[in-house]
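According to TrEMBL, the features are:
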BINDING   His112, His116, Asp318  Fe cation binding site
BINDING   Leu147, Val148, Ser149, Gly150, Gly151, Asp180, Gly193, Asp197, Asn290  substrate binding site
DOMAIN    24-324  domain 'Gcp-like'
Amino acid sequence: MKKILAIETSCDETSAAVVEDGVKILSNIVATQTEFHQKYGGIVPEIAARKHIELINPIIQEALDKAKINFKDLDAVAVTYGPGLIGSLIVGLCAAKAIAWAQKIPLIGINHLEGHIYANLLISPLAGRAGKLQPPSSNLFPFMCLLVSGGHTMIVHVKNHGKYETLGRTRDDAAGEAFDKAARVLGLSYPGGPLIDKLAKEGDPYAIPFKHPMIEKEYAYDFSFSGIKTAVVNYVDRGKGQGARGKQQAADIAASFQKVVVETLVEKLIKAAKDKNVKTVSIAGGVSANSELRGYLQKRVKEENLIAIIPPLEYCTDNAAMIGCAAFFKFKRGEFSSLSLKPSASLKL
């Protein structure tokens, strides 16, 4: 049984986990910094890096304590080395290198995007349902993954361990950025995604006919959310000119905006799966915690007779367990990193 300590500090969560044989999570500790960034309306990189420095050692120790192991029990240490905020990445990478050197164990650098994809291997692939933990099945591959977060929106054809083909990506804003912008315009705080999701439950998703972006055939798998973001801004500005907007109108705007974004994401994912004759689809990344996205995907996979992998909420946002899962399969292949590994803010999948 191989035990890997995984570290994730790509943005504003400080996380450490101990994962056994890739799928058994012995611990998964996550410390969020949301309260420190809220008053700024977004993440401040300098604050994020300083909080990581403050938290990294206690979080690692807590992960080991919860797993009931010591450093000497580890077979490897894994760490996110990009993409992300460069200052945040450096903190996690330095900690991982120090452990690898001191314990004389392999260092495994993991792409943060790859980590999100591997969150899907921590659960059972059941049609339209979030499942229980189980060893990943060889029958899982291939699958089509919608990776959607604050900084990325892409459709990835996952052919096997470590074998990916990016079919589509955003041409401008990521879906998460659009959610945050819409939230600010509606007077909501940061992070905007969960607040839009909550407010939308009180609104009419058909109240405002926002246009679905990039539905033309030549943009089959690509996304663009700058247009819908601008449409929300313009609609709200026009409303302000006509008088104060009430909570119900704000809820209608949130619901209508969310409906268009979610339908665009899911329909392009479904199209990619059908075009490539792939029977299993999945979602990953922070926006995959959105309740409308999860519900609409379940509805569509049943209609299309597909299988959906929908990670539990704790594996949607940034966490070290997914990094540990990805690292185990690199460990099996003998794909280790040098202690000279450098962080990369714009690392590609």
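Heads up, the Cβ atoms here are built off N, Cα and C, so glycines get one too.
Keep in mind that TrEMBL annotations are predicted by a computer and have not been checked by a curator.
Other Cβ atoms within 10 Å of the Cβ of Leu147 (substrate binding site) number 25 in total over all chains.
The secondary structure of Gly151 (substrate binding site), as reduced to three states from DSSP, is coil rather than helix or strand.
Counting in whole angstrom, Gly151 (substrate binding site) lies 12 from Asp318 (Fe cation binding site) by their C-alpha atoms. Using a 10 angstroms CA-CA radius around Leu147 (substrate binding site), the binding-site residues that qualify from His112, His116, Asp318 are His116. Other C-beta atoms found within 10 angstroms of the C-beta of Gly151 (substrate binding site) number 18, with every protein chain shown included. Model confidence over the domain 'Gcp-like' (24-324) is summarised by a mean pLDDT of 89.
Comparing Gly193 (substrate binding site) with Asp318 (Fe cation binding site), their Cα atoms are 15 Å apart once rounded. Within 10 Å of the C-beta of Asn290 (substrate binding site) there are 26 other C-beta atoms, taking all protein chains into account. In this structure, the CA atom of Asn290 (substrate binding site) is 15 Å away from the CA atom of His116 (Fe cation binding site).
Within 8 Å of the centroid defined by the CB atoms of His112, His116, Asp318, the record's Fe cation site, lie the Cβ atoms of Glu8, Ser10, Cys11, Thr80, Leu113, Gly115, Ser149, Gly285, Asn319, Met322, Ile323, excluding the listed residues themselves.
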